[in-house]
């Protein structure tokens with residue numbers, strides 16, 4: 001009867017709340033309706049290159065400019081990504097196609113010609129935005145018929161041999177054929193933009209008479225319906241040449257609705273690979289789960305039963321294995337404060353990644369919310385300082401520490417300071433290259449304010465709460481005199497077992513890691529957080545189980561120094577992550593500049609460091625729970 005009343009109350013509460021529920025859109029991603037003839041303002045973003053990894057502002061090149069350049073408001077994530085979104089002279093009218101619209105004429109001097117040549121040689125791409133949709137170039141996949149993939153932006157130009165000449169020349173894409181796809185509402189006749197594509201061409205424009213804004217081009221003419229369809233007579237980049245920038249825009253009605261407009265961009269042709277990755281990782285998990293089950297259900301049960309049935313202390317001493325180290329297994333490790341700091345920081349990383357994954361799977365961090373992912377991760381990291389302080393102080397008190405303020409101070413500064421110094425050095429390198437990817441001083445100051453103003457106080461609050469709580473009691477008493485550790489077999493060597501322990505966690509994620517690195521360094525879309533969340537769960541289970549198994553073998557060999565080894569065992573997967581990053585650099589990337597290589601390895605070192613702290617904490621807490629569980633079941637006289 002009580003359950004029925006609870007059910008009725010729940011239903012009444014639900015329907016009463018449901019009356020006040022209204023749908024909403026995330027800021028900046030709400031649909032915008034356009035009537036025929038409404039102005040469509042195209043915005044320009046950074047110039048990007050996979051060869052240099054150094055973004056530059058669109059107007060760092062002498063492109064056509066509007067009368068006044070206006071910077072768009074950007075969130076923290078966009079600034080850190082190097083986005084520089086500005087207005088442009090490209091203005092369309094909704095559902096009104098244009099042909100051969102002249103934007104401006106630019107005469108190249110030595111400096112501007114050199115700037116264009118450098119960007120063309122480094123294969124820079126121009127990025128634009130219309131109604132929050134990025135500009136893409138549709139390209140047919142050579143290995144699959146009727147499969148089109150979309151590339152971010154269009155190349156500034158191309159380099160090659162033309163008209164039988166022996167020397168390589170530089171040619172600029174000065175004519176853009178835009179295609180704007182829209183979905184029309186029949187009832188209101190309003191339209192929503194669902195696609196923004198371009199085909200770039202290099203055309204040496206010609207005109208009659210003197211140049212002015214209304215000069216009639218002979219190479220493309222809307223009056224005679226002469227359109228640009230190829231680059232048979234390309235525009236060469238050379239000092240003294242004049243370049244006329246033009247564009248066409250064609251509006252095409254589409255059946256794709258606004259809510260589904262990103263599906264085309266995010267369509268993955270590699271789903272089978274992701275499923276293979278998950279199945280492969282699940283096999284690893286099942287194998288490790290079988291080993292853990294065997295240890296817990298057979299070996300431990302038998303050992304504990306036999307141990308508890310021994311009649312005398314002398315008989316207990318004759319036993320070998322993990323039971324003999326019960327008087328030393330909870331002896332505090334060397335440098336316990338550092339272990340507490342890293343354990344607490346690992347909990348902070350875990351909380352940040354977990355909540356970010358949940359938000360991403362719910363769609364809050366979609367690509368339409370540009371910069372949202374990085375902004376969310378930073379803010380979550382700051383607020384998870386509460387968990388870091390709490391976890392660190394709880395462990396610190398368990399290890400009989402007394403200076404909780406010093407421990408909290410180290411937790412608040414050690415890991416963030418290391419990452420911040422590395423980030424500051426890399427940012428200085430980017431600044432030296434005059435790249436727009438350099439984080440401005442104001443943003444850097446905002447990061448410091450978030451760190452000192454929010455994260456550090458939260459770490460101390462968490463530390464205070466954690467230290468006030470009584471420390472969990474050890475299941476067994478610790479002997480006053482440490483037990484001598486016998487000579488270990490070669491396969492139980494700490495370095496060997498630690499490195500072996502990191503292979504399986506890395507094996508669970510390395511296929512997904514390939515797609516993540518590709519999205520970051522080759523500027524491709526990544527929005528398969530469903531797959532990633534499954535892999536994330538598999539990684540947690542794998543880290544926990546492999547560390548528990550190796551910890552059990554270590555205790556069976558009468559080595560009770562498991563504290564640091566448990567952290568390093570799963571954390572060593574970060575070593576393999578960095579080695580894979582090196583492999584990826586030499587096999588997939590075409591980076592040629594030393595500065596770009598330094599940036600790549602610098603950022604991958606930071607990522608590997610975060611991965612080490614995150615996976616290390618998982619393995620450590622798994623062993624912390626495991627040792628307390630098995631030794632609490634042993635009867636000690």
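Every residue number used here counts from 1 along the chain in the order it is shown.
Cβ atoms here come from the backbone N, Cα and C positions, even for glycine.
In Swiss-Prot, residue 566 shares a side of the membrane with residue 625.
Matching 445-465, 466-486 against Swiss-Prot, the residues noted as transmembrane segment span 445-465. The stretch from 275-295, 412-432, 445-465, 594-614 that makes the most Cβ contacts under 8 Å with the transmembrane segment (345-365) is 594-614. Away from its own ends, the transmembrane segment (495-515) comes close to residues 270, 273-274, 276-277, 280-281, 284-285, 288, 526, 528, 531-532, 535, 538-539, 542-543, 546-547, 550, 553-554, 565, 568-577, 580, 584, 615, 619 of its chain (Cβ-Cβ under 8 Å, at least six residues beyond either end). In summary, the transmembrane segment (594-614) lies against the transmembrane segment (412-432): three or more C-beta pairs, each 6 or more positions apart in sequence, are under 8 Å. Count of Cβ pairs under 8 Å against the transmembrane segment (371-391): among 275-295, 412-432, 445-465, 528-548, 567-587, the largest is for 445-465.
Scored by C-beta pairs under 8 angstroms, the transmembrane segment (528-548) has its highest count with 275-295, from the stretches 275-295, 412-432, 567-587. The motif 'Endoplasmic reticulum export signal' (626-631): residue composition by secondary structure is 6 helix, 0 strand, 0 coil, according to DSSP. Each residue in the topological domain 'Cytoplasmic' (392-411) gets a DSSP state, and the totals come to 15 helix, 0 strand, 5 coil.
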